[in-house]
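**Student:** What Swiss-Prot shows for this protein is this:
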type	residues	note
BINDING	12-18, 40-42, Arg303, 329-331, 411-413	GTP binding site
ACT_SITE	Asp13	active site, proton acceptor
BINDING	Asp13, Gly40	Mg(2+) binding site
BINDING	Asp13, Glu14, Gly15, Lys16, Asn38, Ala39, Gly40, His41, Thr127, Arg141, Gln222, Thr237, Arg301	IMP binding site
ACT_SITE	His41	active site, proton donor
BINDING	Val297, Val298, Thr299, Lys300, Arg301, Pro302, Arg303	substrate binding site
Amino acid sequence: MSGVIVVGSQWGDEGKGKIVDFFAEHADAVVRYQGGNNAGHTIWHGNTKFELSALPSGILTEGQLAVIGNGVVVNPEALLAEIAEVQSQGIAIDNLRISNRAHVIMPYHIALDKAAESSTNNRIGTTKKGIGPAYTDKISRVGIRVADLVDPDVFAKLLKEYLPFKNAQLTKLYNEEALNYDDIYETYVEYGRQLAPYVTDTSYLLGQMIANKKRVVFEGAQGIMLDVDHGTYPYVTSSNPTAGGVMNGAGVGPKQIQDVVGVIKAYTSRVGEGPFPTELHDDIADHIREVGHEYGVVTKRPRRIGWLDAVALRHAVQVSGLTKLAINSLDVLTGLKTLKIATSYTYKGEEIHHFPASDTWFEGLDVNFETLPGWDEDITGVQSFDELPANAQNYLKRISDLLSVDLLSFAVGPKPEETHLLSDVWQ
């Protein structure tokens, strides 16, 4: 086995890209297996910062493939823009591979996403990038795949078949303008021409690599608590960020996976609507938001802030089979006198240790916290676990104990050199 999954284990924005990039230095391929350009990751390449949402994190690491799997929905315009940005810094992208089975985000997906979000009072806070409508078409079997995009004749046939129905939705349901066939065809055929050199059967490619003992990292987008099945439905994404999403979204089998690394922050954050049991609305939240620069990479919206939630994290451990834990942003908590971790909930007088499926439960939910002492020492320069203040060490140990998952790494800053391993993920 030589496959490792790195998955966000909260509501996204946990710093997965940094961890993936960190492990990618010793990998032969990095694979995105779900989501689209609705979730960004910030990655440092030397002293240059990249904010990517379409390209896999591994694109910046020389020596391994960066793979967009079949479970991803691809926005060709956004992808080509990021390719141009990376190339402008002198970084080659010959290592990019795109699944011919991945679905394409079309202009009508974006238009319908914007129209639907603007027309309802029950908004779930989408990024309006067409992700949900693209996945809807995939499940409805009226989607256009990358294999279709790179074949002008097939693309023309499908666009002629699907566009009238999409235009009827836009004009009749939402009072929006219809989209022009010729404009879409000419633009997207050119996108297909530019992307064609990178398109291949990535499932076959990855199967061959793993069979030959190559090291492959699978990179989840968003987080487990945004999973369409296991997250805070309906305030979720439209795909499966859980480890199980790798099987469908990359086309590999469970026996090919060695470890599942769950990435979390030392606290909790969330963008958009939806339940958030440990959310704070005080000076502590403001402090964490400013010190941690808690604003969405894609949306730029201020993130909601809360204490660490061990109940939600145990749910993440269960549904993704986490074997290792990477804890980021420990430095953000420096200076807080006390820290809290949610260990259980109380609902209608009964203590519960599982994460509720129904969002109506959260209206009457009380959170039970465990309080730990904080630390004042500056930890940004530490080089090992033993150099951390005792209270910081105890905080990390307590998280590991509550989740029954071994600690793989901790981070005291955003840069790669500020992440410290306690063991080798590839052992």
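One is the number of the first residue shown, and numbering goes on along the chain from there.
Glycine is no exception: its Cβ is also placed from the backbone N, Cα and C atoms.
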**Student:** Measuring Cα to Cα, tell me the gap between Arg303 (substrate binding site) and Val412 (GTP binding site) in whole angstrom.
**Tutor:** 20
**Student:** For Lys18 (GTP binding site), list the number of other Cβ atoms lying within 10 Å of its Cβ atom.
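**Tutor:** That number is 24.
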**Student:** Going by C-alpha positions, which of the recorded positions (Asn38, His41, Gln222, Lys300, Arg301) is nearest Gly15 (GTP binding site)?
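**Tutor:** Among Asn38, His41, Gln222, Lys300, Arg301, His41.
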**Student:** Where Val412 (GTP binding site) and Asp13 (active site, proton acceptor) are concerned, what is their Cα separation in Å, rounded?
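**Tutor:** Cα to Cα, Val412 (GTP binding site) and Asp13 (active site, proton acceptor) are separated by 16 Å.
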**Student:** Among His41, Lys300, Arg301, Arg303, the recorded positions in question, whose Cβ has the most other Cβ atoms within 10 Å in this structure?
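**Tutor:** Ranked by Cβ atoms within 10 Å, first place goes to His41.
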**Student:** Can you give me the Cα-Cα distance between Asp13 (active site, proton acceptor) and Asn38 (IMP binding site) in Å, rounded to a whole number?
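**Tutor:** Taking the Cα atoms only, Asp13 (active site, proton acceptor) lies 12 Å from Asn38 (IMP binding site).
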**Student:** Please report the three-state DSSP label of Val412 (GTP binding site).
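**Tutor:** For Val412 (GTP binding site) - judged by DSSP and reduced to three states - the answer is coil.
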**Student:** Counting only other Cβ atoms and using a 10 Å cut-off, which of the binding-site residues Gly12, Gly15, Pro302 scores lowest?
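**Tutor:** If we count Cβ atoms within 10 Å for the binding-site residues Gly12, Gly15, Pro302, the smallest count is at Pro302.
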**Student:** Roughly how many angstrom lie between the C-alpha atoms of Leu330 (GTP binding site) and Thr127 (IMP binding site)?
**Tutor:** 28
**Student:** What Cα-Cα separation, expressed in whole Å, is found between the residue listed as 'active site, proton donor' and Gly12 (GTP binding site)?
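**Tutor:** Just about 10 Å between their Cα atoms.
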**Student:** Measure from the Cβ of Thr42 (GTP binding site) and count the other Cβ atoms within 10 Å, all protein chains considered.
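**Tutor:** A count of 16.
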**Student:** By CA distance, which of the binding-site residues (Gly12, Lys18, Pro302) lies nearest to Gln222 (IMP binding site)?
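**Tutor:** It is Gly12, whose Cα lies nearest.
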**Student:** So how many other Cβ atoms are close to Val412 (GTP binding site), meaning within 10 Å of its Cβ?
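**Tutor:** I get 24 for this one.
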